[in-house]
Amino acid sequence: MAGIRVTEVDWLSQKNGAAHHTQEYPGPELVVRRGQAFTLVLELSRPLKDQETIIFTVETGPQASEDHHTKAVFQISEPEVDKTWTAVEEAQTENTVTVSIASPPNAVIGRYLISTRVSSRRKQNDRKLGEFVLLFNPWCPEDDVFLDSEEERQEYVLNDSGIIFRGVEKHIRAQGWNYGQFEEDILNICLSILDRSPLHQNDPATDVSRRHDPIYVSRAISAMVNSNNDRGVVQGQWQGKYGGGTSPLHWSGSVAILHKWFKGRFKPVKYGQCWVFAGVMCTVLRCLGIATRVVSNFNSAHDTDRNLSVDKYVDSFGRTLDDLSEDSMWNFHVWNESWFARQDLGPSYNGWQVLDATPQEESEGVFRCGPASVTAIREGDVHLAHDGPFVFAEVNADYITWLWHEDESRERVYSDTKKIGRCLSTKAVGSDSRVDITGLYKYPEGSRKERQVYHKAVRKLFSVEASGRRTRVRRGGGRGLWRDDLLEPAAKPNITGKFKMLEPPKLGHDLSLALCLANLTSRAQRVRVNLSAATILYTRRPVAEILHESHSVRLGPEEEKQIPITISYSQYKEDLTEDKKILLAAMCFVTKGEKLLVEKDITLEDCITIKVLGPAVVGVAVMVKVTVVNPLLERVEDCVLMVEGSGLLQGQLSIDVPSLEPQERASVQFNITPSKSGPRQLQADLVSPHFPDIKGFVVIHVATAK
């Protein structure tokens, strides 16, 4: 009798896609999740005889081997409950066999080749059936990435758009972001990121064998999303100069960035800042099947010397001395959290893990960060893998201000130790609301428990030795600091001060505010106030000074006084960055030598509105109206409206906006034809050579066609 072979395969893409929550991937190859069976229908050249059975081989990566768990050979058999690949016959007709194939819940993820042969006396070569992609499975209880909430899986794995929070602590702004993990070619690009990693280039067989582990995969992605040690995806730039590339604020999502990197033969895409790195990493990890969200930390510490404090040096006008201040406090910083088990640390550290692709500090010789258990951060267990001290400092460091004198001596100035790590924010599950998750990272500020955890972290981080009456702290590679410098606050002065906006700070307008001073004592006090203001980047790095003035104020017993301050548009117009931020500082010198530093970060406001003029239905065109306002007191030309949204538009739409008179309100209308149902995010970005980008977004609920 002639040899038997498989002549055709039906991948049952729709059935398998629905069962594995992978139907949104555009294909053409089958995409399934590990630890869960998928079904194939095989057509044979003749019926199987009694003693014959089908043998499958699946393999992934170069030099696939059973020893590395990158290859498995198995045959149709009775169902088995074990940790290997299995095949079970579901049905058989004359020339077809329906087979259910299951992978173990700890299988290596990636692109697999599947081939078959039929066991018989005659020697047969395997016949290649084709390729499929195997992903992590948050729906499988045995998978390390299992997440036990369907609402959270819908949000953190399947939602292809989201919100990134930016701004300053007192004025948090939502920015839409198109993750687009189901867009054309994105899955292929995400797998390519793993293959382009130096870990893979140096030892491909070992690298692929370790891709069963979300700790390993997420750490590799953290390194590859930035370009610092490899030809990674995004090149960072924090100097405010973006020649030869795209300003980080122009990006509205990850898709254009990933396509550009891939089509440009893996040349890093210029430029990104923290929210861009986090947005891209969220796309990649959701695409690979790991539940991931974007988290914003306001007043985020960058502790370069691992002493759990941010040491800021200022002059007598409160101006930051960049050449002395190696540490910094960013207005905000954005990173990711992914949900998985920590087999390396133990079950109490399972759950959300911090991952940060922004290249700030090296971790084991590579610019990457995490995964660091959020629980470990809250409990001060900074010794646990990976990068606990850096993440702990981002949310918990003490903020220490030093006044630097001309004779190069320094003295402590009173400042707020509660400044660092405020309003940690992420998008709510199933809505556009902001959720404050600060309590996941630390105990209430100023509480006894919070201070206990801080001191525990200090103990775990530093080796301490006695030195006379003082205890000197040594840290690897750094200079020693006196512990009382670190932990004893400056004396609290007998006055208070704060800046107060008298009118909302609008882009293109003069700024009107006041410094409010209050005498806390029953005796008169004289205060000398040195005021300064500078345009800044969101990292609080000063760009240009725009105000420099001094005042002398007499405060009667328990008296309050205001010093009015005006900053005209002409003062900040030329030096305002795309971050639209200004930092005000007042260094107050009080009778008896007390000193107080008062600071305020201002973000200038703008306006854009988006309205959908009718019901949104798959396959039916609907009109959208975007209204913009020229924020300036002068005529502007050459404005362009950039529009994008996964499932709403193919690629990006670019619309020229007519010239706008001073403060003129104008509307632009255009059609979109939705291609996918459900909640879809449409983003609009008004780009102008005359003022920073003005961004907005709207969520459109698209119905299926009847």
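If you go along the chain as it appears here, the first residue is 1 and each next one adds 1.
Placement of Cβ uses the backbone N, Cα and C atoms for every residue, glycine included.
If you look up TrEMBL, you'll see Cys274 (among others) marked as active site. Neighbour count (other Cβ atoms within 10 Å of the Cβ, all protein chains): 27 for Cys274 (active site).
According to TrEMBL, the feature active site maps to His333 (among others). Non-local contacts of His333 (active site) by the CB criterion (under 8 A, 6+ apart in sequence, same chain) comprise Cys274, Ser296, Asn297, Ser300, His302, Thr358, Glu394.
Under 8 Å, Cβ to Cβ, and six or more positions away along its own chain, Asp356 (active site) finds Ser222, Phe277, Ala278, Trp335, Asn336, Arg368, Cys369, Gly370, Val391. Sequence annotations record features per position, and here TrEMBL assigns active site to Asp356 (among others).
Per TrEMBL, Ca(2+) binding site is recorded for Asn396, Asp398, Glu445, Glu450.
Per TrEMBL, the feature domain 'Transglutaminase-like' maps to 266-359.
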(request) With an 8 Å cut-off on Cβ-Cβ distance and a minimum sequence separation of at least 6, pull the same-chain contacts of Asn396 (Ca(2+) binding site), or say none. (result) Ala301, Leu308, Ile377, Ile420, Gly421, Tyr441, Lys442, Val453, Tyr454, Ala457
(request) Return the residue, from the listed binding-site residues Asp398, Glu445, with the maximum count of other C-beta atoms within 10 angstroms of its C-beta. (result) Asp398
(message) If I restrict to non-local contacts, at least six residues apart, and a C-beta distance under 8 angstroms, what lies near Glu450 (Ca(2+) binding site) in its own chain?
(response) Lys442, Tyr443, Pro444
